[in-house]
Amino acid sequence: MSESTEPLTEIPVVELSDAEGEALRAGIASVDANPYDEFETFLAQVRRNRNVLPAGVRAAVEALRLRRAPGALLLRNLPIVHDLPPTPGRSFASLPDLAAVGTEALLAGVVDLLGEPFSYLEWDSGHLVHNKYPIRAHRDLQFGSNAVEFLLHTETPFRDVSPDYLALLCLRGDPTGQAKTRVADITRVVDALDDADLAVLAQARYAFETDNPVVVIDGRGLTEPQPIISYRDGTRVVEYVGDLVAIDEESQRTLDELTRRVLAVAADVPLVTGDLLVLDNSRVVHGRNAIVPSYDGTDRWLQRMLVTTRLLDGDRETGRLVSDRRYANYPDDYQKALSRPAAHP
């Protein structure tokens, strides 16, 4: 991490009491629909039980949504199922029995306070709840299931529809204590930049290297160049990923300075069982340090949901799945990993 006198990103914490946790467990016990094959029924059941969330949780999530609080919130001591199975060794969608783990209603209950759940057709077999844990075949890719450093990033940037929020529920913490989720307040960083840097970042001069390019610049295959800073309905939007590259030297210098500053304010959070991290995708970026998984059923296991406030409004005809229009430009190894089950060799 970069040395800096800047304060680290603030992450408020709300911890449920044991009594609140047990009341929440009892309150969601009636949710029995499988979110992996009957999501609308599942969500309707969750919404019928929305009042079981403690008042402190509801108030903290509302403060984040209204931007009266920082763009990250950590909820602790949520009631995880007692009989949690071993962490799978292959992609969740490829498991022979796609039964609910029993934690999905906790995650969906918090997500429902923020907006509408959605996802991408090409991801996780179209599931709205994503199960994330180390997979050996993904070890070196920039996926949440990798083992190398998962670079700081805006979730799914540069799309027609990117998440407004995301939530990460820790079902099983890393038994070694290595894994730390990294969060950085990128809006604070951008606010401190000078006008010249802001002007460069607002130009379409940033892209990803790929073997399925849209353009070739100086011999490099690249996705369509995009600005890091843009505006949506008059509101500034910052979209950043740690492996972006610039199309010229000036914009690369500006990107390097942005990266240095983002790393300098990043805070590391060692998620443990029962933690739920809520992130405002327009204000913070997130990632994870490098880890050494054991692939023996004890590795860290998270569940994730994405949230939009700009799509759907609960319209079943529209659907909750949108196409990832950048999928065709993903590198070949990424597409292969997404399109077929990944298991232990």
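Any Cβ shown, glycine's included, is placed from N, Cα and C.
Since the structure is predicted, the reported quantities are computational estimates derived from the model, not experimental observations.
Per TrEMBL, the feature Fe cation binding site maps to His153, Glu155. Contacts of His153 (Fe cation binding site) defined by a Cβ separation under 8 A and a same-chain sequence distance of 6+ are given as Tyr240, Val241, Gly242, Val285, His286, Gly287, in order along the sequence.
The domain 'TauD/TfdA-like' feature in TrEMBL is assigned to 116-305.
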For Glu155 (Fe cation binding site), nearby residues of its own chain (Cβ under 8 Å, 6 or more apart in sequence): Ser162, Pro163, Leu166, Leu279, Asn281, His286, Leu306
Across the domain 'TauD/TfdA-like' (116-305), average pLDDT on the 0 to 100 scale: 95
